Amino acid sequence: MESFVWVERRECCPWSRCCGMGDFRPRTVWLGHPEKREQRYPRNVINNQKYNFFTFLPAVLFHQFKYFYNLYFLLLACSQFINELRLGALYTYWVPLGLVLAITIIREAVEEIRCYLRDKEMNSQIYSKLSTRGTVKVKSSGIQVGDLIIVEKNQRVPADMIFLRTSERNGSCFLRTDQLDGETDWKLRLPVACTQRLPTAADLLQIRSYVYAEEPNIDIHNFIGTFTREDGDPPVNESLSIENTLWASTVVASGTVVGVVIYTGKELRSVMNTSNPRHKVGLFDLEVNCLTKILFGALVVVSLVMVALQHFAGRWYLQIVRFLLLFSNIVPISLRVNLDMGKMVFSWMIKKDSKIPGTMVRASTIPEQLGRISYLLTDKTGTLTLNEMVFRRLHLGTVAYGMDSMDEVQSHVFSAYTQPSHDLPASRAPAATKVRKTISSRVHEAVKAIALVHNVTPVYEANGVTDQAEAEQHYEDTCRVYQASSPDEVSLVQWTESVGLTLVGRDQSSMQLRTPTGQILNFTILQIFPFTYESKRMGIIVRDESTGEITFYMKGADVVMAAIVQYNDWLEEECGNMAREGLRVLVVSKKSLTEEQYQDFEARYVQAKLSVHDRSLKVATVIESLEMEMELLCLTGVEDQLQTDVRPTLEILRNAGIKVWMLTGDKLETATCTAKNAHLITRNQDIHIFRPVTTRGEAHLELNAFRRKHDCALVISGDSLEVCLKYYEYEFMELACQCPAVVCCRCTPTQKAQIVRLLQERTGKLTCAVGDGGNDVSMIQEADCGVGVEGKEGKQASLAADFSVTQFKHLGRLLMVHGRNSYKRSAALSQFVIHRSLCISTMQAVFSSVFYFASVPLYQGFLIIGYSTIYTMFPVFSLVLDKDVKSEVAMLYPELYKDLLKGRPLSFKTFLIWVLISIYQGSIIMYGALLLFESEFVHIVAISFTSLILTELLMVALTIQTWHWLMIVGELLSLACYVASLVFLHEFIDVYFITTVSFLWKVTVITLVSCLPLYILKYLRRRFSPPSYSKLTT
């Protein structure tokens, strides 16, 4: 086997792994000897960073100059090195560009450093490693293929391993896998039999053995490998399957385990199921980029017109370039800086919001995306639910017991074991069962059935006072914990304990219950029929040791149990009622068997299990012969507790026009129950459960059946979804997008990301993905906005997300308040910066055309830099503090959010309005200054520039909807800066002229003519056509 791997390695290109093209190969891993490896394996590190030390600067600069306007300004600044093209000092072009790039680089560097520190924390977790020197401590990042790693209970598995030993007496362990596949059920894992039999863990290093493992792949549900011990007599060979694996990102739920590492780093199953983080560019940034291209087009047209009016005289091509430079303000360089600084302010506001504590912004480039979400895709386990099961209802047909009446159940159980008649249960002949039983005995039978029909094992742990052996011997309540593959089962057994019947012991062949009086009841387990997704039920046959009575107990979903139990008139109705409350319903039944009946069944059952052909069918047929005319005992209702305020949050999102899809790895029934419970699917909505399909024909028929339904929620499994997307992708997505809600269950992490991608491609709308587990990372990174919920199990999702929240309910405020404000403020800010640049460009155009189309700048040097920085920057930037409604109103009326989905705050219509305003104001100011100036040219500069500054300040005041004290400070500070700087600007402005009355009245008239009509128009518009939010604020 070794030679085979060696040959395969020799054939591979020696550079392939370095080039990142290394194809994955099978491997032979020697236990405890990482130095014996036959190929290089990746380091076991978690890496969520976008760049490394060498790629950081080139990549950041590339992403900046990928934007049209940054590239344009770079070319512009470079042109100033050519003497014929120079219009003024070099700093007028290079300083703004340098500032833009410096702010961007610093922001990206801060985010990368934060990301590095978060990854370092995960990579520095300490584990124990078995070595020839004994047990040594090793960091997660230092683990290699071939290492023997010890993982304690409740510890995260650091790498993909083969399970060798466990401290559990029953020779198995449970894993929590919800961070890997989203399933709430615990998974049973079995160690390699050969290594489990060794006396101590240290003996693993004394034997000559190796694991042959398949090449790394994406499939988390399957594994093929072998374990070989060479020094055995004879050599031992064992086949390995998924049952022998411990995948990274799972958590050990019982005992301490030892495993040998087979995959690390990027070859881990969990990592291969996540996509690389992509550089997200906001839709808003793309729209602004589009507007700047339009402005650039206008710039070229204006320059060509100017040269054409000169009749292309002389070196006209140089004149075109000079005009391009002269009117370069049409495309504002400060737009990028203002928007980037605005994003930083929005991110800071989100972090500092006391109503959503613990919220983090990890991608400060896309906060305004939160204001335009059309589809929200959410995980279930740990995101909508707490993954804590609570027993809510016991229904006996004629009577139901809720949480408030459990004491009655307790008294019935107590009386059943204290009444003297209890000693004679076997004396009841089958005929006597026809007689109506007392409520007390019915409750007792139901509780006893629930306490017996399960796969739960009680485990005893030392608690500091009592050691493990003593706890097991005396069945200590304080030391007992229950282990099972499903949290539902644990909640049922915990409930029977609370009403007096306690499961105290269990092994492969027996079970012990303790009654309220302290008496131990012993039961022998004769047969177990485990739960499967096909059968939807589980059964157990037990013999009561005290009476010898044999009973077959069964519990399962109502759809299958309805045909198995005796006829009754209440089962269907009550199951429906409980399901509507969001409870998971199980039907519990029993059947008493005589010794002869059981022996006959056992013989047929053993015979069926020995058959070679159609074994599973024959076994199922034998079991079904028992499943007839069973006595219906009760219904149980268990609730997976929702996170706080999930229902009102989903209601807010729905009213805001956001469609919510639930993508979960969990079972169909569980997912449907949670969707109802969380009111994702409302009470009066129909649900279409998409039947399992495997072929094109079946998918076609099922899609036609679904098409005939209207306003209907869709529930579909991952397998059926795969088939539909393979053959009818367009048709399926078209139908699904019309649904008010969609639930996809048993989804793989890759499928979740695929659904997000398809929604983006098919609808062109913005998506937001919310999750808490490692299995949600792909979906979070694929979505336009990824939100991670900090769950109980690690922080993998929140680390990979753009935003992380501590609870699902915080999402409402994040979108309705911060998302909405960020988008509206960014739109106002960008349009105002464009207006500011167009105003001065219009003035330049008027000036040039009056003076025979000369390519001479109107304002030079510091005036042009000061205009877009200290004179107008503070008031314009203060628009990031503006808001149209209070945050309470935005939360109360989520319909306000719906208005933003149309993209009206920044559209071609609003852009055109601002362009017209800019042309009007620029023309008025320039023509006014030309009309009213007296003898000298510097008077034109003084009058026009002062009017321009005042107009900008007044326009900011006109735009603001809610004043903030910083806005007033910004306005006054800018005015003060301008007045103070006039002293130093004597080369551009006549200082004596500006102190005259003539100057003051001219500036006042020009400013009033440029601004007053706009104030009147705004008043009339608000009076006769007010926007929707103004109706709420008055």
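Cβ from N, Cα, C; glycine included.
TrEMBL entries are annotated by machine, without manual review.
Positions annotated as domain 'P-type ATPase N-terminal' by TrEMBL: 33-93.
For 51-69 (among others), the entry in TrEMBL reads transmembrane segment.
Within its own chain, the transmembrane segment (89-110) is flanked in space by residues 51, 56-57, 60-61, 64, 70, 73-74, 76-77, 80-81, 333-334, 336-337, 340-341, 344, 364, 861, 864-865, 868, which lie at least six positions past its ends and keep a Cβ under 8 Å from the stretch. Here TrEMBL flags 89-110 (among others) as transmembrane segment.
Under the heading domain 'P-type ATPase A', TrEMBL lists 130-267. With helix defined as DSSP H, G or I and strand as E or B, the domain 'P-type ATPase A' (130-267) counts 22 helix, 53 strand, 63 coil.
Among the features that TrEMBL reports, transmembrane segment is placed at 294-313 (among others).
Annotation comment: TrEMBL describes 319-339 (among others) as transmembrane segment.
Taken from TrEMBL, the feature active site, 4-aspartylphosphate intermediate applies to ASP379.
In sequence order, ASP488, GLY637, VAL638, GLU639, ASP640, GLU669, THR670, CYS673 make up the list of same-chain residues 6 or more apart from ARG584 (ATP binding site) whose Cβ falls under 8 Å from its Cβ. Positions annotated as ATP binding site by TrEMBL: ASP379, LYS380, THR381, GLU489, PHE531, LYS555, ARG584, THR664, GLY665, ASP666, ARG746, LYS752, ASN775, ASP776.
In this view, THR381 (ATP binding site) is surrounded by 28 other Cβ atoms within 10 Å of its Cβ, with every protein chain counted. Under the heading Mg(2+) binding site, TrEMBL lists ASP379, THR381, ASP772, ASP776.
Among the features that TrEMBL reports, domain 'P-type ATPase C-terminal' is placed at 799-1026.
The annotation transmembrane segment is assigned in TrEMBL to 833-853 (among others). Residues 291, 295, 302, 306-307, 309-310, 323, 326-327, 329-332, 334-335, 338, 859, 864, 867-868, 872, 876, 911, 914-915, 917-919, 921-923, 925-927, 930, 944, 948, 951-952, 955 of the same chain sit 6 or more residues outside the transmembrane segment (833-853) yet have a Cβ under 8 Å from a Cβ within it.
Look at TrEMBL and you will find 859-881 (among others) tagged as transmembrane segment.
What TrEMBL lists as transmembrane segment is 911-931 (among others).
Taken from TrEMBL, the feature transmembrane segment applies to 937-958 (among others).
Sequence-distant contacts of the transmembrane segment (965-985), counting only residues of its own chain at least 6 positions beyond either end whose CB sits under 8 Å from a CB of the stretch, comprise 862-863, 866, 870-875, 877-878, 881-882, 946, 949, 953, 956-957, 991, 994. Among the features that TrEMBL reports, transmembrane segment is placed at 965-985 (among others).
Here TrEMBL flags 991-1017 (among others) as transmembrane segment. Nonlocal intrachain contacts for the transmembrane segment (991-1017), taken as residues 6+ away from its ends with a CB within less than 8 angstroms of a stretch CB, comprise 917, 920-921, 924-925, 928-929, 932, 934, 936, 938-939, 942-944, 946-947, 950-951, 954-955, 958, 982-983.
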Helix, strand and coil totals (DSSP H, G, I; E, B; other) for the domain 'P-type ATPase N-terminal' (33-93): 31 helix, 0 strand, 30 coil
Contact ranking winner - 294-313, 319-339, 859-881, 911-931 against the transmembrane segment (51-69), Cβ under 8 Å: 319-339
Neighbourhood of ARG746 (ATP binding site) by C-beta distance under 8 A, where only residues 6 or more apart in the same chain count: THR664, GLY665, ASP666, LYS667, LEU668, SER717, GLY718, ASP719
Longest CA-CA distance among ASP379, LYS380, THR381, GLU489, PHE531, LYS555, ARG584, THR664, GLY665, ASP666, ARG746, LYS752, ASN775, ASP776, per record bound to ATP, angstrom: 32
Contact check, the transmembrane segment (937-958) vs the transmembrane segment (294-313), 3+ Cβ pairs under 8 Å, seq sep 6+: no
ASP776 (Mg(2+) binding site): tally of other CB atoms within 10 A of its CB: 37
Alpha-carbon distance [ASP776 (Mg(2+) binding site); ASP379 (active site, 4-aspartylphosphate intermediate)] in Å: 7
Spatial separation of ASP772 (Mg(2+) binding site) from THR381 (ATP binding site) - C-alpha basis, Å: 8
Residue among the recorded positions ASP379, ASP772 whose Cβ has the most other Cβ atoms within 10 Å: ASP772
List of residues, in chain order, with Cβ under 8 A from that of PHE531 (ATP binding site) and at least 6 apart: ASN455, SER486, ARG537, MET538, GLY556
